[in-house]
Amino acid sequence: MFKSVVYSVLAAALVNAGTIPLGELADVAKIGTQEDIFPFLGGAGPYFSFPGDYGISRDLPEGCEMKQLQMLARHGERYPTYSKGATIMKTWYKLSNYTRQFNGSLSFLNDDYEFFIRDDDDLEMETTFANSDNVLNPYTGEMDAKRHAREFLAQYGYMFENQTSFPIFAASSERVHDTAQYFIDGLGDQFNISLQTVSEAMSAGANTLSAGNACPGWDEDANDDILDKYDTTYLDDIAKRLNKENKGLNLTSKDANTLFAWCAYELNARGYSDVCDIFTEDELVRYSYGQDLVSFYQDGPGYDMIRSVGANLFNATLKLLKQSETQDLKVWLSFTHDTDILNYLTTAGIIDDKNNLTAEYVPFMGNTFHKSWYVPQGARVYTEKFQCSNDTYVRYVINDAVVPIETCSTGPGFSCEINDFYDYAEKRVAGTDFLKVCNVSSVSNVTELTFYWDWNTTHYNDTLLKQ
């Protein structure tokens, strides 16, 4: 399967790129050999399917009819942010100014290595065919979005038989907007699609896909007392190992931590990364759990205000579900950021909030939260509402896998009967108050999410932000 993808990419490259440098052709053997580490990169690396699929078919249960489909997706693979890029460049500066021969796992730097960030303008941006470091790279955000669109049509294309004109909603980050546009391109020209760019600025208040941006009450340091307990001596060990192999290098534990991000973003930009081979399997596990902890206690159920933040969008999706019989549109497609999806899944109860993650050790048996499983680059969450005979059901499909609601999954395909789902959802949002908890009034007077209902008259076209 993967070879066919590589060959198709190669064919496209030959048509569109003219002469491919021989060095890049030599690298094709490395592409696709590192996919086993994607789940350990904290959602910074390329897309992969949810590993815990429980063996449940994602096909519509036999004899059922889809009534409404909602999608909430993350932007595709990207270059690092400005801040993360600056950190990676500092480590690269140390390495590039080392005057001796590299040894051990850094020896690849002796072979005319080219740093993957070739242009500062690429920071914050989607990786594309045009800005990728390797014309054979199958992991660009552009290709991911287009491939997702074709897979979407294969799975749900029948939903468009009587609906060829519809909106797609995107947060106003440039990379989110670009992902939505590549997805539109992948759907093909048989559709008349209106791309609605919805503000993610603080002033947008509740009328946004990115409620966290309008939440001045949110404090990323709120649970540092927990996070600081996590043992990060493995980073010291990495730095010591590399320094021992390369006398006078003087890498720090911060450099070691940065190398994990370097690995992930280079995969997005190049299709492979020799930096990824620096780490042992144990080190990847420890890094991955550290990323899980940070997300759980900053953007997930470990932070008590997140359920209220996610309720802003979750309540809107509930309203759409309840209006499915009266709404002309049957498919609702939205693109945003990973934190927004984590907030949403926290409110929905898909991420376990009964047991907080421990920072004392890596809980192999008890950990059900893996950040990268939920929000790899290009993540997608589908809410399916379907009817079987006279009964209606709801279920979630996350990154190609059906993920049942544990306490409500007795319906066909492990779905939740609609009235039971509404009861469940009511309990999930009980006590939440996005406007109050976030102190939204201090930054905006917008108190309601309306873009799903007024897009046709408002025509959202907000200024794109490079963030």
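Glycine is treated like the rest: Cβ placed from N, Cα and C.
Database features, via Swiss-Prot:
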- HIS75: active site, nucleophile (ACT_SITE)
- ASP338: active site, proton donor (ACT_SITE)
- ASN97: N-linked glycosylation site (CARBOHYD)
- ASN103: N-linked glycosylation site (CARBOHYD)
- ASN162: N-linked glycosylation site (CARBOHYD)
- ASN192: N-linked glycosylation site (CARBOHYD)
- ASN250: N-linked glycosylation site (CARBOHYD)
- ASN315: N-linked glycosylation site (CARBOHYD)
- ASN356: N-linked glycosylation site (CARBOHYD)
- ASN390: N-linked glycosylation site (CARBOHYD)
- ASN439: N-linked glycosylation site (CARBOHYD)
- ASN445: N-linked glycosylation site (CARBOHYD)
- ASN456: N-linked glycosylation site (CARBOHYD)
- ASN461: N-linked glycosylation site (CARBOHYD)
- 1-17: signal peptide (SIGNAL)
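Feature map: annotations from Swiss-Prot on the structure.
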{"residue": "ASN97", "record": "N-linked glycosylation site", "Cβ contacts under 8 Å, 6 or more apart": "none"}
{"residue": "ASN103", "record": "N-linked glycosylation site", "Cβ contacts under 8 Å, 6 or more apart": "GLU245, ASN246"}
{"residue": "ASN162", "record": "N-linked glycosylation site", "Cβ contacts under 8 Å, 6 or more apart": "none"}
{"residue": "ASN250", "record": "N-linked glycosylation site", "Cβ contacts under 8 Å, 6 or more apart": "LYS94, ASN243"}
{"residue": "ASN315", "record": "N-linked glycosylation site", "Cβ contacts under 8 Å, 6 or more apart": "VAL429, LEU449"}
{"residue": "ASN390", "record": "N-linked glycosylation site", "Cβ contacts under 8 Å, 6 or more apart": "none"}
{"residue": "ASN439", "record": "N-linked glycosylation site", "Cβ contacts under 8 Å, 6 or more apart": "CYS215, PRO216, GLY217"}
{"residue": "ASN445", "record": "N-linked glycosylation site", "Cβ contacts under 8 Å, 6 or more apart": "GLY205"}
{"residue": "ASN456", "record": "N-linked glycosylation site", "Cβ contacts under 8 Å, 6 or more apart": "PRO167"}
{"residue": "ASN461", "record": "N-linked glycosylation site", "Cβ contacts under 8 Å, 6 or more apart": "GLN196, THR197"}
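In this structure, ASN439 (N-linked glycosylation site) belongs to neither helix nor strand by DSSP; it is coil. Here the residue listed as 'active site, nucleophile' is positioned 22 angstrom away from ASN192 (N-linked glycosylation site), judged by their C-alpha atoms. A distance of 8 Å separates the Cα atom of HIS75 (active site, nucleophile) from that of the residue listed as 'active site, proton donor'. Around the Cβ of the residue listed as 'active site, proton donor', the same chain contributes GLY43, ARG74, VAL375, ALA379, each under 8 angstroms and 6 or more positions distant in sequence. Within 10 Å of the Cβ of ASN192 (N-linked glycosylation site) there are 8 other Cβ atoms, across all protein chains. DSSP assigns ASN461 (N-linked glycosylation site) to a strand segment in the three-state reduction. Using a 10 Å radius centred on the Cβ of the residue listed as 'active site, nucleophile' and all shown protein chains, the other Cβ atoms total 28. Its Cβ taken as reference, ASN356 (N-linked glycosylation site) is surrounded by 15 other Cβ atoms within 10 Å in the chains shown.
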